[in-house]
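Visitor: Checked TrEMBL, it gives:
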REGION    165-185  region 'Disordered'
COMPBIAS  167-185  compositional bias 'Low complexity'
DOMAIN    195-471  domain 'Sulfotransferase'
ACT_SITE  203  active site, for sulfotransferase activity
BINDING   303, 311  3'-phosphoadenylyl sulfate binding site
REGION    533-573  region 'Disordered'
COMPBIAS  548-573  compositional bias 'Acidic residues'
Ligand SMILES: Nc1ncnc2c1ncn2[C@@H]1O[C@H](COP(=O)(O)OS(=O)(=O)O)[C@@H](OP(=O)(O)O)[C@H]1O
């Protein structure tokens, strides 16, 4: 079936150590892993390539390209796409098939650009090899056609004079050209905007999902081999105006992360990125996502907000951001003493400077007169007791076992980022519900393969890959892909105190109740161990109140709904 090497393109993606080698068969359109037992086909939703003579409307071999007209919307992109770059090239890999009498003879199959202006994306015709195969481990029974928007791809014109800086100037869009914009080597590269985004939540297991999906032969994650670390784009939360949308996109987002190189592009069809803080962006920023990626799909992982907060707190502790005010400093007011504080990620400098910043923060936030010697850095892992103090300190600003936790200007994002419902509501003002997939982290932990299957088959509608062969259970009971670098390298922390857990769940109760509009109550109740007075019976709201006010905020990007001065992003998460 995989007949000749001339029609097959070897695509090496997958595992860092290149354990998986994928072959993309240009004849039958399947991706196969030839390191697995024999030459095993792992993707059975073969593209109808038996009738695919790799013809194109424009040219052969990609030497000639066609510029396509934008058909509407996306004004911010139009200015430079039409003048500086050409839209999707006509080489077969980035094209799709269209059959019928649309401009061609009846029944004729022809290649059309996969993208024609940012709005109309024709579905890629697919033959589902095993249509009944929902139960089959190897084939996705759903995609006919793929449900996923193929995204927007561009090829930068191969003009030596094309430099991003000058293109930016030419289009007259403000002053936001970045220092790294003048790189003519990007000419000719094909770059794609993401077809889908993993928007949150931080500490919801997003890195794991990103890694798994990044192994899929049809998917290319932002950052890929080019970006180290977590590979979070933070594009939409950094863009602060529509004018900057253009320049920043080009220079920082697309160029760095979503370029397809020549080897990959034949097989990789979709790109995606994850930035877990996106979910908490303000409406203006979400509206920008909508303008740039109108048909993007969105994946949101929700973890029990109490567990998420603890994980976030420990993460901050690991990053040396958690400090404690001395208990013994008699000159400090009682409500400050012993306080555990999680500082903004923007806290910079070596020990002394950091300490001074912390003291400035404490004095400003609590109208105190602390001195440098009054604060002490806590080391990872922070204790459950430290977390408990941290949580209880949110109780009206005082250490008070009985007081309800309230939102104050100094409240930490560690807590705020567990308030999911309002954030979801904001996204759904701009995106259709069908574009958003909400998953529970705990369900993922219980069955990773099923979660990935839901994402691929039910939501994205792309074929399954053979993950099962490469999955193993790690020491924490998570299903991981072999050879993948696990993020669980840091020492794990102990369980949180039961009383902290209960306080937190009471605090989140109202928000959780609102979540039932988006997630099956049954699933939440199954996994999140709600307190007895649970949200299902509608019993008693909690005492949480949101207060507006100015917080300590030295890094307000203006794109978040809750800029209260703690870390608002985490490139190095
Ligand atoms: N397979 C699987 N199932 C469930 N949970 C998992 C899984 N893999 C990772 N994790 C846990 O996810 C936490 C990290 O989440 P993120 O990757 O979203 O973190 S980050 O926002 O990118 O920093 C982090 O939680 P904590 O260990 O509690 O901090 C990981 O342990």
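These residue numbers are counts, starting from 1, taken along the chain as shown.
Every residue, even glycine, has its Cβ placed from backbone N, Cα and C.
TrEMBL entries are annotated by machine, without manual review.
A description of the local structural setting of each listed feature is requested, covering burial, neighbours and distances.
Guide: Restricting the average to the domain 'Sulfotransferase' (195-471) gives a pLDDT of 83.
Note: residue 203 (active site, for sulfotransferase activity) has non-local neighbours 276, 303, 308, 311, 312, 315, i.e. same-chain residues 6+ apart with C-beta under 8 A of its own C-beta.
With a 10 A radius on its CB, residue 303 (3'-phosphoadenylyl sulfate binding site) counts 27 other CB atoms from all the protein chains.
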Visitor: Would you mind sorting out which recorded positions among 203, 303, 311 put a C-beta under 6 angstroms from ligand 1?
Guide: 203, 311
Visitor: In three-state terms from DSSP, label residue 311 (3'-phosphoadenylyl sulfate binding site) for me.
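Guide: Once the DSSP labels are grouped into three classes, residue 311 (3'-phosphoadenylyl sulfate binding site) ends up as helix.
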Visitor: Across all chains shown, how many C-beta atoms besides its own are within 10 angstroms of the C-beta of residue 311 (3'-phosphoadenylyl sulfate binding site)?
Guide: 20
